Each structure stands twice: as C-alpha cells, then as structure tokens.
Amino acid sequence: MKTYLKNGAVPGEPVKKDENSRRGNWGNQIEFVLTSVGYAVGLGNVWRFPYLCYRNGGGAFMLPYFIMLVFCGIPLFFLELSFGQFASLGCLGVWKISPMFKGVGYGMMVVSTYIGIYYNVVICIAFYYFFLSMTNLLPWTYCNNPWNTPDCSGVVSSYQLNASLANATSSLVAGVSEVVNRTKRTSPSEEYWKHYVLNISDDIGNFGEVRLPILGCLAVSWTVVFLCLIRGVKSSGKVVYFTATFPYVVLTILFIRGITLDGAINGIKYYLTPQWQKVLDAKVWGDAASQIFYSLGCAWGGLITMASYNKFHNNCFRDSIIISITNCATSVYAGFVIFSILGFMAHHLNVPVSEVADHGPGLAFVAYPEALTLLPISPLWSLLFFFMLILLGLGTQFCLLETLVTAIVDEIGTDWIIKNKTVVTLSVAIAGFLLGVPLTTQAGIYWLLLMDNYAASFSLVIISCIMCICIMYIYGHRNYFKDVEMMLGFPPPLFFKVCWRFISPVIISFILIFTVIQYKPITYNDYVYPGWSLAIGFAMALSSVVCIPIYALYKISKSPGATFRERLKAACRAHPKWGPALQEHRTGRYAPMASEDTVEARPLKEKDELKEEQKEKEKEKEEGKEKERKDEISLTIQGSNGSTNTHNNPNPSA
C-alpha cells in the first residue's frame, strides 16, 4: 500500500515529481479521470443516446443498455486502460506485446485522424451558433429573413394559426388542417441551418464556395485545441477541470428550466415509458451494444494513450468503473434535458413528441435551437446550450489529438522530438485544419455525415476484436493477468477474466454482424448519396482495417526464421523491450530482460540505489580483505612448516 501512495494512486494527491521524467505523467489522478470522462462523454451522449432510447422502447432500452455496459463496456475499458498503463506507451508502442499486430495501432491512428477532422468541424459550427447567440433576438426565431422560403412557419405563428382554425371550423376540419399545415411546415431554424449557415448545395460533388464564417470558426476551434495541448497532458490536465465539469452545470441548469415548462412531463414520459415487447427485438440489443461501444471510445487509441501517462501502480480498475458509469449516467441525464424541452415544444405546437424529436446535427442545430426560441431570454439559454456542446466536443478532441501526437513521439523516440513535442502538436493541428477545409464548403455537411457513418463504424469493431484476441490468445491470458497483478497488486477479478476471454469478444462479434445486417446506404433528409460517394465511404472504413494485414505480412517477412512458421512465431513473440518502462518496475520475469534501452535515461541515480551500490561495494571489499587475510595465514603456516623441516634436516636432498 505504501508503494501505491508513494506513486500517487490516491486521487487529488499532489505530486512533486514525475515518475517518468522523460515522458511525463499526469499531475494527479483527478486529471486523468476528468480527461477520460471528457473523452468518453461527447456529443453522442446528448444528440444520439436520447433518440436511440425513445426509438427502442424508452425505459425498456435501459435493460439491454446496462447489460451491455457490464459485460462489454466496462471490461473493454479496463482492458485498454491497463494495456496502456502497463507499458507507458501510446497506441503504437504498446504493440511490443506482439509486434505482428502493430497494424492495429496504425488502424487506431487512422480512425482517430478521421474522427478528429470532422469532429472539430462540428465543434466549429457550435462555436458559430454560440457567437450568433450573442444578440437580443435569435436569428432563427422568425421567417422574415432574406434566406427564408414561403414554406417557412415559425412556432409562434403556427400555434396561433392552429388556434384560429380551431375556433373557425369544426374539430374535424381543424384536425385535417393541422395535419396539412404540419406536413408543409418548415421551421425557421431549419431554413436558417440549411440556407444561411450551410448554404447547402444540391449534391455531394458540388462543393461550391467555402463558407468563410465556418472556416474562421474552424481556425478558432483548432487554435483552442492546440493551446490546451501546448504542453501535452500537463496543460490539458489543468483545462479539463473546467471543460469536463462545466457541461454538468449547464445540463443541470437546462434540466431545471426544462422540467418547469408546460408539456415537459409528456416529453419525459415519451423518453422513458417502457415498451417491454421491444426487449425481444434483436435490433434493440444491437443498438444498445453499439451505443455502449462507440460512446466509451473503445478502439480509438485514446484510452491507451491517456492511461500511458498514469503512474505504474495507479488503480486503473477503479478508474474504469468510475468513468464508464459516469459516461452512461450522463447519457441518461442528457435525455431528461433534451426531452423536457422537446415535450414543451410539442405541447406548444399541439403535435406528438415524435414529430419534433430528432438526433445528430438535426437535434443540435435545428430542433433544440427552435425550442429555445420559445423560452424567455432565449439568447441566454442558447448561449448555455452551445457552450455546453463546445465543451463536450473539446473534451473528446483533446484526446484525439493527443493520441496522434503521442503515437508519433513514442515511435520516433529521440530526445529532440520529446523536447519539441509542441512542434509535433502544432504540425498535427495545422494538418487537421487544412484537411477540414473541404467540410466547410457548401457540400461540407454531406462529407461530414459520410465520414461519421463510415470512417468509424465496423472498422472500430474489427480493431477491438483483434486486440482482444491478440492479448488474450497470442500473448496469453495468463501472462496478461500476471502483468495486471504486478501493476495493481491484485489480479483482475474473475468476472473480468471471463469477459476478456469469452464474453466481450462474442459481443463484439455480435455488434459486427448486427452492423452488417442492419446496413442501409446513408441519406441526408431526402438526399440519397450517389454510389461513388458510398465507395469512398467504404474505402475510408477499410483504410484503417487494411493496416492490420499489411503490417502483419511486412513483419513476418522481416522476422528471422527459415520457414514461414518460424517467422510467424518470431513475429508474434513479445519484443524484449515489452514490459514496464522504468527499471524499478521491471521485476520478476521482466528483470532478466531489462536493458539500458528500455529504462529511462537518468543523469543521476536515486539515493536508495546509490546506497545499495555502496553497500555492495563495501561488502565486496570486506570479502576481498577477508580472502587476502586467509591467504596470508595459509602462506604463514606453509612457511613455518618449511622452516621446521629445514632445521631438523639441514640437507634437504638427503
């Protein structure tokens, strides 16, 4: 226990010196937990989970959701945290565990690159809406703007129209008129989104012009991300005290405001009312498993990277449970915030909640902003909502960028690149900005949704499955369990051993099969994507997966051995440098394998080590003196015996 206290395993304990001075560590464990919470809790918790929940049986969806959390989410989260923490390396370096599978690390980098490009575009649009909310009247409130069409109908005018129809005609005619009006209605927020913010083109191939306001906000977004990561985890670890906690303050404010509105209870009932018959539907279980898998950020490489900056004996088992449960609880809580406001809007329009419910960008930039226009002091609520979206997005974006930077720095590993890590961070940020420019054009929303649907879909599932197989069956589950025990001081609980070896891989395979069976070509509202764009989408998805076999073949060809089987074995065998990064932690079966290359270069040895060496040297001197003394005594005895013989017999030859 003393060792763990010394190494900063207690949350909030101030740390004076990094354990790994060459690579750096978190200032304390609170920083790691908050960063991981910020990474896992993202935009999907707000704009995807509530929609999935009401679509898949409301409260009944919670049952498969939490079952998947227990049997798949938390075990995979713990596996990735322990993997990165044990080796103190990023998503590329950790594959010293079995060098042939290093392609999995490259696949993670490719996925993080894709997500990082389009994720920051979503953040920049949130920045844009945030700046536009700094006004007395939200610009998407009414239909009297140059970008509006004759079909536009604001929520206030629509409500008054329905009331006048009800007074002027019979209830039957009013009902029919309401349906007609409802089908024709285009909200001012939707027209503002399409015709002003995006100025959307008619086809994915028609890029049109770059939307300069969005491009400017993209530059702001990347600048903020770079400045927060300018000193790596040392700077981002301080920023997350705000970015990871303030969204909960905003959620609470919006929740309190939402439940006090008329119709809010109807929205929450729509969100939570269980439809138990849907529990028997395989699609519900597939959606639950997919949401758990994607929302926790498994197989992106971010969890491995963040954990690699932990101290060696940190209790990552505890952290994995705290972070996973916090992530899922946030999703459920966000549902109350979203559906209380949507229930109020449905009540105001006299329509079912299902007609105003949406997900993805449609919820964040159309449905919810429109609902906010109905509230008093609507710009204030809009500012809070978009500020929350910005913070949720930044928490994930920090880890995506750090994943790429850490992988590059660990792979090159020279003193220069470690000292100049800021240059690498700046280079990656500039590259990300330039690659995001096409997404700020008039066709940008089509490409953004294409990347969102294909770049990080089934490829993540394949990567995660191969990672489980490699660690549990190639490296060996017994070896890994011993590694975890050496690191934490106790072996993984039996439940996690069973999940890692059997249950989680089966669930991951189920997610993959479900994804393939449920596949439908992507659409955006009424727009159907052309075949060539879908081919690009599949190419993006395969580009991360194809890294695995390509690198495996390369590694086998370079491995020693006369036959293919010998080379295969050599390529799968753990690298001699695999194990704890610091010499002081390389005990047991790792001690004989220790070499100077695997140990942190230190200019001065620690006092305890010096004392030990001095003791050993003094012991060797004492043993040397004792040996010399014994030799002198034996020579003296031999000399005295010789002189006696000479005295008794003066002629030795006689």
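Placement of Cβ uses the backbone N, Cα and C atoms for every residue, glycine included.
Since we're looking at a predicted model, the values are computed, not measured.
Feature annotations, courtesy of TrEMBL:
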type: REGION; residues: 1-22; note: region 'Disordered'
type: TRANSMEM; residues: 32-50; note: transmembrane segment
type: BINDING; residues: Gly38, Ala40, Val41, Asn45, Ser295, Asn327, Leu392; note: Na(+) binding site
type: TRANSMEM; residues: 62-83; note: transmembrane segment
type: TRANSMEM; residues: 104-131; note: transmembrane segment
type: DISULFID; residues: Cys143-Cys152; note: disulfide bond
type: TRANSMEM; residues: 212-230; note: transmembrane segment
type: TRANSMEM; residues: 239-259; note: transmembrane segment
type: TRANSMEM; residues: 292-309; note: transmembrane segment
type: TRANSMEM; residues: 321-346; note: transmembrane segment
type: TRANSMEM; residues: 380-401; note: transmembrane segment
type: TRANSMEM; residues: 422-448; note: transmembrane segment
type: TRANSMEM; residues: 454-477; note: transmembrane segment
type: TRANSMEM; residues: 498-519; note: transmembrane segment
type: TRANSMEM; residues: 531-554; note: transmembrane segment
type: REGION; residues: 585-654; note: region 'Disordered'
type: COMPBIAS; residues: 599-633; note: compositional bias 'Basic and acidic residues'
type: COMPBIAS; residues: 635-654; note: compositional bias 'Polar residues'
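Shown here: features listed in TrEMBL, placed on the structure.
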{"residue": "Gly38", "record": "Na(+) binding site", "contacts (Cβ under 8 Å, 6+ apart)": "Val240, Thr243, Ala244, Leu392, Leu394, Gly395, Thr396, Phe398, Cys399"}
{"residue": "Ala40", "record": "Na(+) binding site", "contacts (Cβ under 8 Å, 6+ apart)": "Ser295, Leu296, Gly297, Ile323, Ser324, Thr326, Asn327"}
{"residue": "Val41", "record": "Na(+) binding site", "contacts (Cβ under 8 Å, 6+ apart)": "Ala244, Pro247, Thr326, Asn327, Thr330, Leu392, Gly395"}
{"residue": "Asn45", "record": "Na(+) binding site", "contacts (Cβ under 8 Å, 6+ apart)": "Ser295, Asn327, Thr330, Ser331, Ala334, Leu392"}
{"residue": "Cys152", "record": "disulfide bond", "contacts (Cβ under 8 Å, 6+ apart)": "Cys143, Thr186, Ser187, Pro188, Glu191"}
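Ranking the binding-site residues Ser295, Asn327 by the number of CB atoms within 10 A of their own CB puts Asn327 at the top. Apart from the site residues Gly38, Ala40, Val41, Asn45, Ser295, Asn327, Leu392, the chain places the Cβ of Val37, Tyr39, Gly42, Gly44, Thr330, Ser331, Gly395, Thr396 no farther than 8 Å from the centroid of the site's Cβ atoms, the recorded Na(+) location. The stretch in 32-50, 292-309, 321-346, 422-448, 531-554 that contributes the largest number of Cβ pairs under 8 Å to the transmembrane segment (380-401) is 32-50. Of the candidate ranges 62-83, 292-309, 422-448, 292-309 has the most C-beta pairs within less than 8 angstroms of the transmembrane segment (454-477). Local packing around the Cβ, expressed as the count of other Cβ atoms within 10 angstroms, is greatest for Leu392 among the recorded positions Cys143, Leu392. Counting C-beta pairs under 8 angstroms (sequence separation of 6 or more), the transmembrane segment (422-448) reaches the transmembrane segment (104-131) with 3 or more such pairs. In summary, the transmembrane segment (32-50) lies against the transmembrane segment (239-259): three or more C-beta pairs, each 6 or more positions apart in sequence, are under 8 Å. For the transmembrane segment (62-83), the partner stretch with the most Cβ pairs below 8 Å, chosen from 212-230, 239-259, 292-309, 531-554, is 292-309. Three or more CB pairs closer than 8 A are found between the transmembrane segment (292-309) and the transmembrane segment (104-131), so contact between the two stretches is assigned (pairs 6 or more residues apart).
For the transmembrane segment (239-259), same-chain residues at least 6 beyond its ends with a Cβ under 8 Å from one of its own Cβ atoms are 31, 34-35, 37-38, 41, 228, 265, 268, 330, 333-334, 336-337, 340-341, 344, 375, 381, 384-385, 387-388, 391-392, 394-395, 398.
Counted as Cβ pairs under 8 Å, contacts with the transmembrane segment (212-230) are highest for 104-131 among 104-131, 321-346, 531-554.
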